[in-house]
Amino acid sequence: MRRELNILIGGEAGQGLVTVGELLTRALIRSGYQVHVTQSYMSRIRGGHNTYAVRAGIENVHGPAQGIDILVALNSETLELHREELTPGAVALKDKNAQASDLEAVDIPFADLAGSALYENVVGLGVLSYILGLDREMPAGCIRSAFEQKKPEAVDKNLEVLDKAYAFASKSGVAGFNLDEPKGSAGLMLAGNQALALGALCAGANFCSYYPMTPSTGIPMTLNSYARDFGMVVEQAEDEIAAINMALGASYAGARSMVATSGGGFALMCEGVSLSGMTETPVVIVVGQRPGPATGLPTRTEQGDLNLVLYSGHGEFPRAVLAPADPGQCFVLARRAFDLAEKSQGPVFILTDQYLADSYRNVHLPDPEILEPVASPEVCGEVQEEYERYAFTPSGVSPRIIPAMSRCLVVLDSDEHTPDGHITEDLQVRKKMVDKRLKKGDILKQEVILPAYTGPQNPKDLLVCWGSTRGPALEAREIMGSENTAVLHFSQVWPLDAEHFRDYLQRAQRVVFVESNATAQFAQLVSSMVQPANMAYVLRYDGLPLDGQYIADNIL
Amino acid sequence: MVSMEDFGSFETAWCPGCGNHSILKCVKEALVQMELEPHQCIFVSGIGQAAKSPHYLRTNVYNGLHGRALPAATGIKLANPQAVVIAQSGDGCNYGEGGNHFLAALRRNINVTLLAHDNQIYGLTKGQASPTTARGQKTKAQPAGNPSEAFNPVGVAVAMQAGMVARGFAGMQDHLTEMIVKAVQHPGFSLVDILQPCVSFNKVNTFAWYKERCYIPEDHDPQNWEQAMALSRQWDEGIPLGVIYQSHKPTFEESLPHPTGEPLFNNRPSIQKLNEVMSSFA
């Protein structure tokens, strides 16, 4: 019996490894295991070398793991590329026709068992489920849920192939890797992008414009599948500039509006970010980071766009930047982003990355019924001759009325404007408007999410991280020794208040900044506020996600 | 009853004699004729002298970024299909900076009206060639003559079989007012390209120059696409005004998978539906 296992499925794009991986992940989650999925793929539609890694355990599995316990090779390249990563006692499964030099691998007659290339996925699923000791009903149930709605005629054939795969595996003599009885309860199976989309739906988001870009496209795609039920408009714009301007127009007219993109697309949106700041129009902007500059590594991961997001848009105006650690936080912070955007009447960012966007976990979400309502603008039923969209108030927030819903007139302007929204070159008004806009930053500061601290009070090493690197950092803490290592994780990277982290940085003997970028962008930001005595870094920027062992091995 | 006074009167930042003054008057006149009240309309503009027009109207105004009036107008219309949404900006804004958005708006056929003040020059930045400046025309920034072909917005819109394509002239106010009314009433995307002399920077396309050439073709059937294409290519020998092309096809907002016609503001998710969606991930 094992407490956890790392399974890697590898092959070419188009071979169906994602389908096998997703079905297996669902079966594991339904069985009550904790899972963590890392997807690595190349920027091509067919061919190349892609992997789908499922780590499953009876306790929390925070991040990707090194070492492969079960390798499923859909082509011979996978065997060659990953043979060095096999753990002692590992098993490799391969198609019986794939070449394997001197590596010992179990031959699976994929084609014979499947009867058709369409069902080869299910052969993989069946053999894996058998090896993991999952009851046949688990994968069978997952097949039913996957096909019953979309393609009911395929259910029986898939189940038949599943049974053949179980029968084959039981006779093949392949070692079992039965996992211990799970401790947890089955949650939902959600990747970062899906969880973020659900959080947006729960927040009442009803407008999303986007231009497709990896790794964020999954967000509008998920929203699209519920658009009809939720009366949501999801529009594929002609470009990112249009996307953000549409979202802002929709927000002005009363929609709860968002855009989703990645660094390159976001670079085009920066003019719109500034417009949101100037016109005090709420908008939620999701930036799923991938390695740049320019087109970079389109399908890999990085945390390289923190500075772009922090400083995007010309001129000065407040903003909030949220950075979820995992799919569960993607859901919660998506809701929060809409609330903050409305309260501060401006742009709020959610920074994710490819690793998080595509990483499935078992997630327990809060009941939508008990969630606090998201802030909302006003609709004025009466004529307000004096209504001023940019009225000066002590908080800097002016009452926001929606145009064309009442007799009030709402005037919005990208130029510097008077309280009633009209162009002005009165420099006294200009100064008051700048002060008003910046004052709204106080609201964001009051609502800032505090960094989360895990570990002893006076650690030898404090690992400081943000966004999706929390899991790997927590694992590194276990590897480095939990009695003398601590983790400080930021789910919100702007605004920051040094009072929230000064003590932690000063109590540790050494502060190690862990980031998926080459220039330690967050370390620069934090250390400009509190300078720790002794700083070190773990910076990964080869396009792959950090993991606990990598962090422990690479402290500079 | 709606009156001209309901739309207010403002001091403008335009040069004396600028075509914008009469266009503004025509816009007000058209709104009054349609009995549209100020709060029912949302005027959307970009940047430039024409883009200031909505500031001189008592109505809802979204004065956004240079070239981005159409995407903003699209978002507004999608968020509230009941509002009358009119984008109003110049040739630089719509055909230069916003060229891609102009093409997309033609393709979408969203029920938005575009009033494009076309003075064939950049006024606010003091006299550079615009996308509609004639090839060879000398300007401050193109002293050897504009090296690029003039963009033909009417021709492109007709080629795309856009909802409604019209041309007006600031010097023929009754006709222009009629064009604006027809455009706003057209269900689908409508363009009124408005010839507008720039008295400060365009010394070629003057009131006299336009007056000499503008004419209203007789017996033109706007449903006849071939005829409309031919008209859209006329220029130096005579500039046709009026509705050049009109087609009736479903609007973008009607073609959405779930056209509600309701403002999205009124749309709040049901807890039951949220629970159903969430449980589908189990």
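Any Cβ shown, glycine's included, is placed from N, Cα and C.
Listed features, source TrEMBL:
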COMPBIAS  B:127-140  compositional bias 'Polar residues'
DOMAIN    B:51-194  domain 'Thiamine pyrophosphate enzyme TPP-binding'
DOMAIN    B:198-258  domain 'Pyruvate ferredoxin oxidoreductase beta subunit C-terminal'
REGION    B:127-148  region 'Disordered'
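Taken together, the residues of the domain 'Pyruvate ferredoxin oxidoreductase beta subunit C-terminal' (B:198-258) have an average pLDDT of 95. Within the domain 'Pyruvate ferredoxin oxidoreductase beta subunit C-terminal' (B:198-258), the DSSP-based counts of helix, strand and coil residues read 19 helix, 9 strand, 33 coil.
Tertiary proximity for the compositional bias 'Polar residues' (B:127-140) is limited to same-chain residues at least six positions away from its ends with a CB under 8 Å from its CB atoms, namely 90-92, 95-96, 99, 118-121, 146-153, 200-202, 204. Mapped onto DSSP helix, strand and coil, the domain 'Thiamine pyrophosphate enzyme TPP-binding' (B:51-194) counts 54 helix, 30 strand, 60 coil.
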